[in-house]
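Visitor: Okay, handing you the structure first.
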Amino acid sequence: MQHVSPIREPLVTGGKTYHDITEDVSRQVEAKPNIRWATALAISLVGLAIFAYSVYRTLWYGIGEWGLNKTVGWAWDITNFVWWVGIGHAGTLISAVLLLFRQKWRSSINRAAEAMTIFAVICAAMFPVLHMGRPWLAYWVLPLPNTFGSLWVNFNSPLLWDVFAISTYFSVSLVFWYIGLIPDFATIRDRATGPIAKRAYALLSFGWTGSAKAWSRYETVSLILAGVATPLVLSVHTIVSMDFATSVIPGWHTTIFPPYFVAGAIFSGFAMVLTLMIITRKVYKLEDYITIEHVESMNKVIITTGSIVGIAYITEFFIAWYSQVEYEQYTFINRAFGPYWWAYWSMMTCNVITPQLFWIRKIRRSLTATFIISIFVNIGMWFERFVIIVTSLHRDYLPSSWAMFSPTAIDVGVYVGTFGLFFTLFFLFAKYFPVVNMAEVKAILKSSSGVTHSHTKTMHATEKELNTNTRHNNE
Amino acid sequence: MNKKFVLGIYDDEDVLLTAIENVRAAGTKIYEVFSPYPIHGIDDVLGIKRSRLPIVAFFCGLFGTCFALWMQIWMLGFDWPMIIGGKPHIALPSFIPVTFELTVLCAAFGMVITFFIVTNLKPSMKVNVFDKRSTDDKFVMAIEVKEGVTDMTALNNLLRSNGAVEVNEKEVVK
């Protein structure tokens, strides 16, 4: 028994029963693909084709296809990498951190958010692998004894830490997501009618029966996985920030980077979750599960992390002045008023000003406003990485090596292409996997549906079912 | 050999919990309880012991820590020492990230693999469930019927009087 505050809004509305939850979520999986879904997938596949072509050009002709030059050796590739990894962080935060904090509103959004994490990390991983130029030798980043003598990888390098961090993050997130999917696959398996669906979901469900013993272990495993995933998600963006912070370059070499990057990652990730969830709830008619209350809670996370990011921008500027290092000072003046001023001010507007609108309750609870602001935040966070990376590099110590960076069509193609990859994966997920965690929503239904249930009127709303009950009892 | 079960179907978790207590108090052994979601408090009434999976996770994590430290110290400190940035061969602070990641990786995978093995979760084309509604909206209490017992009235009454909405019989071919 737990206390439920009367001022809390219900997390599941519409007086749902357990069976309604199963019906509402499984409907999408069991229905034949409709034309809207097919169109959306077709558009994503066009994006995927753009990705394939850009990758082909990058690999066949080499990295010269990108707009990099001798001064700006890192630009869109690393910007996109950090951007996608950052987006991924929201999924783990929702599934792990909010589980530890016992935030029940995570239940109906964690499935889709975790899927987003996994797909975003896949997109992110494309960039460093492609930047290797010869991705078929990507396994050289692993500590393997090689044929040129047992020269090992450099464990002092943050780029190597990234290899370990991203691959651990990806595999642990995948396992966490899959464990949560098993009971729901079992539900779909037991409802399936077609021979292929029956077998496919039986395979995916790993023979889950929902016995009390299995549930007990399942809960333990979820809790421990949440416990290890929480420091993991913080470590990943910390290590990503160290790619910059450990190098002695003005604008990068700051100790503020790890917390600043982690906050930024959560900020952009929640924005992406909102963008996706506002569409998903509408298309899949899940308004009773992903309520305005959920949107508002996420907007509160956005305003918190957005303000942390804003303070970080101001702190950076202050420290540049306070350090009395002229190179550091120049970098920051150049960021705000140099040739890339438009990128800096886009970042400031999108990341610092727009999320502050969420202080107003009406905006926080408006779907249209939330959707627009979430897009702004995503744009702003892309510019943040671009600003940090390109403006710190493009004016080197020697003015003779100053250069500007402009992306080529292939740069744009790879970036746009990862959207194709992301949405192709996301649409396939949304069609064949349950987008809401049915078991977890059922578990919170009694305490958070806003409907009072008593023993005599157990979970049933209709007269018909009540009659059935009486008949059984009289038999 | 065929095994025979009596299934009590419930549609509310609180009714089920009371029923489990009463059925056990009546001296009937419950074979298994199936539910569509984890029920809080069911471990206590069923007498399920706390899982020891956290201990597995701890030792797998400890193995990961030791392995990662050994790997980095041996590779960079002994097998092929190199001076990188004027720092010592065995630069422990910069070994922390990889050590941490491998700890998490080993803890998570060790625990999940153990969970799959002990719970007997593995991919198979055909899954036998007692009642298919137990993954949807019903709670199923399965009681094994002893050999030679043919009169189910007593069991039936026990389950019904404790709120079962349905009582079914099921034979499982072994």
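Placement of Cβ uses the backbone N, Cα and C atoms for every residue, glycine included.
Not my notes, these are from TrEMBL:
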- A:37-56: transmembrane segment (TRANSMEM)
- A:81-101: transmembrane segment (TRANSMEM)
- A:113-139: transmembrane segment (TRANSMEM)
- A:159-181: transmembrane segment (TRANSMEM)
- A:221-240: transmembrane segment (TRANSMEM)
- A:260-280: transmembrane segment (TRANSMEM)
- A:301-322: transmembrane segment (TRANSMEM)
- A:342-360: transmembrane segment (TRANSMEM)
- A:367-392: transmembrane segment (TRANSMEM)
- A:412-433: transmembrane segment (TRANSMEM)
Visitor: Counting a contact as 3 or more Cβ pairs under 8 Å, with residues at least 6 apart in sequence, do the transmembrane segment (A:37-56) and the transmembrane segment (A:260-280) touch?
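Guide: The answer is no, given that the two segments have fewer than 3 Cβ pairs within the 8 Å cut-off.
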Visitor: How about the transmembrane segment (A:159-181) and the transmembrane segment (A:81-101): do they have 3 or more C-beta pairs under 8 A, pairs 6 or more apart in sequence?
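Guide: These two segments touch.
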Visitor: Checking distant contacts: for the transmembrane segment (A:113-139), what same-chain residues at least six beyond its ends satisfy Cβ-Cβ under 8 A?
Guide: 55, 58-59, 62-63, 77-78, 80-85, 87-92, 94-95, 162, 166, 169-170, 173-174, 176-177, 180, 269, 272-273, 276-277, 414, 418, 421-422, 425-426, 429, 433
Visitor: Counting only residues 6 or more past its boundaries, what in the same chain has a CB within less than 8 Å of a CB in the transmembrane segment (A:221-240)?
Guide: 82, 85-86, 89, 92-93, 95-97, 99-100, 158, 161-162, 165-166, 168-169, 172-173, 175-176, 179-180, 258, 261-262, 264-265
Visitor: Which sequence-distant residues neighbour the transmembrane segment (A:367-392)? Criterion: at least 6 residues beyond either end, Cβ under 8 Å.
Guide: 72, 74-76, 78-80, 82-83, 86-87, 244, 249-252, 264, 267-268, 271-272, 274-275, 278, 292, 295, 299, 302, 306, 309, 331, 334-335, 338, 340, 343-344, 346-347, 349-351, 354-355, 357-358, 405
